[in-house]
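As written in TrEMBL, here are the features:
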type	residues	note
BINDING	11, 168, 169, 210, 211, 212, 213, 214, 215, 216	ATP binding site
BINDING	50, 136, 148	substrate binding site
DOMAIN	279-362	domain 'PUA'
Ligand code: GLU
């Protein structure tokens, strides 16, 4: 049966990689790699893996790292071992893996994002399975994704994947996390916000991972806006990946599926989730309505105030008069220029700046309503 999945991102959480005692869960990994090797026959596969810090703890006999640098050291040791595990398991099927360690910055500027994307495409063209983790050894708070659920969602959306699979030690999103017998929500279409609260009960955290269910919901939000389906399921279920692939275009009986009815273009995804925001513009009510309800571009006349210093081509946040962020977009003019034309009519741009390259400060194609 054809399933229309060409590119799939699979995230393996720490609780899939490690057993309770902190040793790598070889049996589970072996089974998953066997399934992934099978999928690789007619799909491109990208893995996002956790477990580096967990394995590092076991290898160095550290149960609680005392500070950030010790945690980073554990990640360095654990990551080396982790990639070896993948390499060994995949080599049995004649498949090569490539290690990619990322920080948030690497996917942020349009230039760097395109560079990273090209590297992934080149790996995939060579038939290599990219194995990604956060670069925990150098990542500090400011440049962190923070958790691999978010990382996997950003990768899946940027790489135009057809499906993101998040494997963990939870069955999916429970109807009532404190009463798991009530079962799992099978399908969420568009409305993630609605389940957000009910999903995060006291037992929402999983064994080793950073985020538990909270970060999975965050990942689901990214995927919803990207229009790419995502499923959260247990990594240790037999034939889990085969089941997921079968269910992709049919009835859902495994995990929790997040499905969006709309699709955002990849440029807009970049603006919404990854562009570094260099400043903001505050707009009046009329402009806010024109943007939100009528899908219009942002013209100088609606702008009341400008904050920060940004250049033409930078991403900025668009705020309403109450200071709420209502959109993000890429500006056609630098901050000092926007200051000069704020409140003015389009016809007056040339007089104010001595030139007029664009009518709009942010064109609607470069604007994402939040
Ligand atoms: N990057 C971390 C590691 O490999 C895991 C982060 C997470 O659990 O989300 O240890």
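Each residue, glycine too, has its Cβ placed from N, Cα and C.
TrEMBL feature annotations superimposed on the structure.
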residue : record                 : Cβ within 10 Å
11      : ATP binding site       : 28
50      : substrate binding site : 30
136     : substrate binding site : 23
148     : substrate binding site : 28
169     : ATP binding site       : 16
213     : ATP binding site       : 26
215     : ATP binding site       : 22
10 Å Cα neighbourhood of residue 148 (substrate binding site): matching binding-site residues from 11, 169, 213, 215: 11, 215
Summary of DSSP states over the domain 'PUA' (279-362), given as helix, strand and coil counts: 28 helix, 24 strand, 32 coil
Nearest recorded site to residue 136 (substrate binding site) by CA-CA distance, among binding-site residues 169, 213, 215: 215
Annotated binding-site residues 11, 50, 136, 148, 169, 215, filtered by Cβ under 6 Å to ligand 1: 50, 136, 148
Site diameter for substrate, Å, by largest Cα distance between 50, 136, 148: 11
